[in-house]
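Below is one structure, written out as structure tokens, with a few remarks after it.
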Amino acid sequence: MLDSKLVRTQLQDVAARLATRGYQLDVARIEALEAQRKTVQTRTEQLQAERNARSKSIGQAKQRGEDIAPLLADVDRMGSELESGKQELDRIQSELDQLMLSIPNLPHDSVPVGADEEENVEVRRWGTPKAFDFPVQDHVALGEQHGWLDFETAAKLSGARFALMRGPIARLHRALAQFMIDLHTREHGYEEAYTPYLVQAPALQGTGQLPKFEDDLFKISREGEADFYLIPTAEVSLTNIVAGEILDAKQLPLKFVAHTPCFRSEAGASGRDTRGMIRQHQFDKVEMVQIVEPSKSFEALEELTGNAEKVLQLLELPYRVLSLCTGDMGFGATKTYDLEVWVPSQDKYREISSCSNCGDFQARRMQARYRNPETGKPELVHTLNGSGLAVGRTLVAVLENYQQADGRILVPEVLKPYMGGIEVIG
């Protein structure tokens, strides 16, 4: 959530910056609500002062033996008007709050301005896509030939956009997640966490999925109980660890990592990536989250992105890094890098990680703060998150990049200890 004071005092500038994201801020509505709020607040304050004075005069009139009934009636009337004024203020503030919750984060000055993914800027590449001397198979064909990747049975169980993995491919999927967790905890300084997969609405509001993106979530409603939502990413549960907290500066940075399933309705993805594991309702992801002092968040973004890149480098998978333009960034991000891995069957790079600095946007929604050692006062932390990596898409990349002419799959060197010494699948 943006700073309401910033929105009030720099409304036109905020609107212009949001316009670069393709978001049209309802300036007229905000101005109208602010004008109403000021009018009602001024009237309420004047009425309160008048009521206080009238209450004081009751005692004085009583001492003089005067009839105080008219004064009492005035005080009661003013009390009713005050209550109405406070209710009106609450209504206006509630509408302003809902508006604020629907506004995306402001892009950082270093973010390239653009309308959509076509205007993202490539930052760097690593590795060279392999030139195969045989017809390349996609991961579906590679996995289905032995029955180890079974979309038909998954559809029988759950419908479209689910996968059933068996045998060595299931083991390879598990090996990838274990390798990622070990790398981030042993080499990159993250603390492993096991989090709930079901969260309630305040957690999703804190990280920005609610109220705007409820259609993208799977919701579980039970009569007489608060609704649950299946997490779309462990970013939700990991970041909300600090919700409502005032941290000691010495605790920062906090670095969490978790391997969880993620659940997404893919409401806007009709017709896209209908074959295979690229876009699923349920998929595993290793998620990294950092909670840092404000002055260190952009340095942390470079570190976080490098942590995700290291996974791809050790797996020897070619990839590129993009700086997302203003029109392609996620709702809560002030700056984002996407990592895209080479997928041979599609002859292009596909997203495998998104690493974002959210600034104080999520922290303000969650009221996550730290005590500034210089001032002694609580201030909002900055939050960052990134995939390290999406496990299913990494599996896709490994299957396709390590395939052999006979359909067998070589096991990447770094995964062999997790595969019980298996060197070839198939």
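Placed from the backbone N, Cα and C atoms, the Cβ positions cover glycine too.
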Site-mate of THR233, ALA234, GLU235, SER387 for L-serine in Swiss-Prot, selected among GLU287, GLU293, GLU299, GLU302: GLU287
In sequence order, the binding-site residues (THR233, ALA234, GLU235, SER387) whose C-alpha falls within 10 A of SER354 (ATP binding site): SER387
Let me check the 10 A CB neighbour count of SER265 (ATP binding site). How many other CB atoms are there? 17
If you measure between the CA atoms of SER353 (ATP binding site) and THR233 (L-serine binding site) and round to the nearest Å, you get 12
Rank the binding-site residues SER354, SER387 by the number of other Cβ atoms within 10 Å of each Cβ and report the first-ranked residue. SER387
Write out the long-range same-chain contacts of GLU287 (L-serine binding site), meaning residues 6 or more apart in sequence whose Cβ is under 8 Å from its Cβ. THR233, ALA234, GLU235, LEU238, VAL257, ALA258, HIS259, THR260, ASN385, GLY386, SER387, GLY388
A correct count of other C-beta atoms within 10 Å of the C-beta of ALA234 (L-serine binding site) gives 27
